[in-house]
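Taken from Swiss-Prot, the feature substrate binding site applies to ARG45, TYR179, LYS185, ARG305, supported by sequence analysis. The ATP binding site feature in Swiss-Prot is assigned to LYS185, HIS204, GLY220, LEU221, SER222, GLY223, THR224, GLY225, LYS226, THR227, THR228, GLU269, ARG305, THR431. Annotation source Swiss-Prot lists Mn(2+) binding site at LYS185, HIS204, ASP241, citing sequence analysis.
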Amino acid sequence: MADGLNRVHFNPSTAQLVEFALLRGEGELTANGALVAKTGARSGRSPGDRFIVREPSSEAEIEWGPVNQAFDPGAFEGLWARVEAYLADKELFVSDLEVGADTEHYQPVRVTTQYAWHQLFARNLFIIPEEFNRKDKPVWQIINAPDFVCDPARDGTNSDATVILNFAERKVLLAGLKYAGEMKKSMFSVQNFLLPAQGVLPMHCSANVGKDGDTTLFFGLSGTGKTTLSADPKRFLIGDDEHGWAPGGVFNIEGGCYAKCIDLSQKNEPVIWDAIRFGTVLENVVMDKHRVPNYKDSSLTENTRAAYPLEHIAQRKEDNCGAEPHAVVFLTCDVSGVLPPVSILTKEQAAYHFLSGYTAKVGSTEIGSTSAIQSTFSTCFGAPFFPRPAGVYAELLMKRIESFGSQVYLVNTGWTGGPHGVGKRFDIPTTRAIVDAIVSGELKDVETVHLDTLNLAVPVAVSGVDSNLLNPINTWGDKALYAEYAQKLAEAFTKNFAKYQVSDAIRNAGPKA
């Protein structure tokens, strides 16, 4: 894309990008100063349109299938060239950014976008380095052309839009998509492929650190509480979604947060609330006539979002890094109402539940989801983003846990007293009290009760939590019905886990069907 043929804005500031977005009709300002943009029909990720170029350098290391769909190298070259030609006479926005807040494990990336608000999103979510690419690594390229219309017959895509990763050429192509989350998740997938070869575990998790330097990780799918629980006024945020765990410490892969906004309240989520101001991008958030965001309005999508830089959070770890974690929390949203609010896991149970990734899609981030809430097993708590076989990541997790001695907990942010529609969801204050007990060390070496069917150890008391909530059978009026649902869930775990080749110790660490 030659600079002389179009107007190219290099490393534009936040204020410039907001001005461009408003002048070009890409969005509107809200009363709190944020820029709100709409993404149209695709208000979430499009997993059916995501591909990886099948080429010799990476072919043998990728787990090909419905998640990692193969794309022909020649077809990619043709489509990349067509998109470049399409953008040749367009006004463009370009930034040199980095992915990975670690001096050894970062990846430099040049992001070219057709929309100003997409560039603002990229500058909020990726890292703006003081000095770009200090180690002179080969630079990745992202091109995002949302107004380009793909032709499946001509381009080899599945629809009029696509996301394609090319590891050999270090290129990411996004075409026909306005949903900005595709940009951040594409580079997350890149790091998820590259980091294991460097002995680093990439993780779909949030992370924070206490005043004494103790790090806690929160794994979970979108909507299970990663962002909410890591944004703790008593602790310092490292990041809310993507991290690497290397020998010696953890680091944020990003430079910002991408928080779900549905039902956001100042009372329950003050850190996120205060971060939404000038420079923040709001996706698909509805405003009233006074331009005040209505976070309860899901008329455009359940998957409303706020994208803001970490600088918008007062209590944050400024280097985006932390020590190795003392506590690791697996967040599961159990729609059956069977799992306890907190369980203490052995390292074998940690491997079992990491591979299982049992949870729910809560206001799914994927387009085409027919139900707002549905149970799912998502390997590594992020199956759509991990190109390598699941065992690679599970082995790295076990290695890191054993090496450092981290304690792993399973925390249910879903339902109790009955399944979704009958029981009630654990409220945020209850889950926060549980997390407080975890990070304080209160739950180490405590008295527990064993739930035989689920094969889980549950503490008999947690400060600030009604003890009746801790054993889920106590919250069900019909105890026999609870036992029936628990057995069904155990059978679902066993059926899902049958595909994994693991040791007997790990297999036997799961529920007992």
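Each residue, glycine too, has its Cβ placed from N, Cα and C.
All features noted in Swiss-Prot, drawn onto the structure.
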{"residue": "ARG45", "record": "substrate binding site", "DSSP class": "strand"}
{"residue": "TYR179", "record": "substrate binding site", "DSSP class": "coil"}
{"residue": "LYS185", "record": "substrate binding site", "DSSP class": "helix"}
{"residue": "HIS204", "record": "Mn(2+) binding site", "DSSP class": "strand"}
{"residue": "GLY220", "record": "ATP binding site", "DSSP class": "coil"}
{"residue": "LYS226", "record": "ATP binding site", "DSSP class": "helix"}
{"residue": "ASP241", "record": "Mn(2+) binding site", "DSSP class": "coil"}
{"residue": "ARG305", "record": "substrate binding site", "DSSP class": "strand"}
Whole-number Å distance separating the Cα atoms of HIS204 (Mn(2+) binding site) and GLY220 (ATP binding site) is 7
Checking the binding-site residues TYR179, GLY220, SER222, LYS226, THR228, ARG305 against ASP241 (Mn(2+) binding site) with a 10 Å Cα-Cα cut-off, in sequence order, leaves GLY220, SER222, LYS226
As a whole number of Å, the Cα atom of GLY220 (ATP binding site) is distant from the Cα atom of LYS185 (substrate binding site) by 15
Spacing of the two Cα atoms, SER222 (ATP binding site) and ARG305 (substrate binding site), in whole angstrom, works out to 11
Listed in sequence order, the residues of the same chain lying six or more positions from THR228 (ATP binding site) whose CB sits under 8 Å from its CB are ASN268, GLU269, ILE272, ILE428
Expressed in Å to no decimal places, the gap between the Cα atoms of THR224 (ATP binding site) and TYR179 (substrate binding site) is 21
Span of ARG45, TYR179, LYS185, ARG305 as binders of substrate, largest Cα separation rounded to whole Å, comes out at 14
Here the Cα-Cα span from LYS226 (ATP binding site) to ARG305 (substrate binding site), rounded to a whole number of angstrom, reaches 14
Listed in sequence order, the residues of the same chain lying six or more positions from LYS185 (substrate binding site) whose CB sits under 8 Å from its CB are ARG45, PRO384, PHE385
Cβ-Cβ distance under 8 Å, sequence separation of 6 or more, same chain as ARG305 (substrate binding site); the residues meeting this, in order, are GLY181, TYR258, ALA259, LYS260, CYS261, LEU282, GLU283, ASN284, VAL285
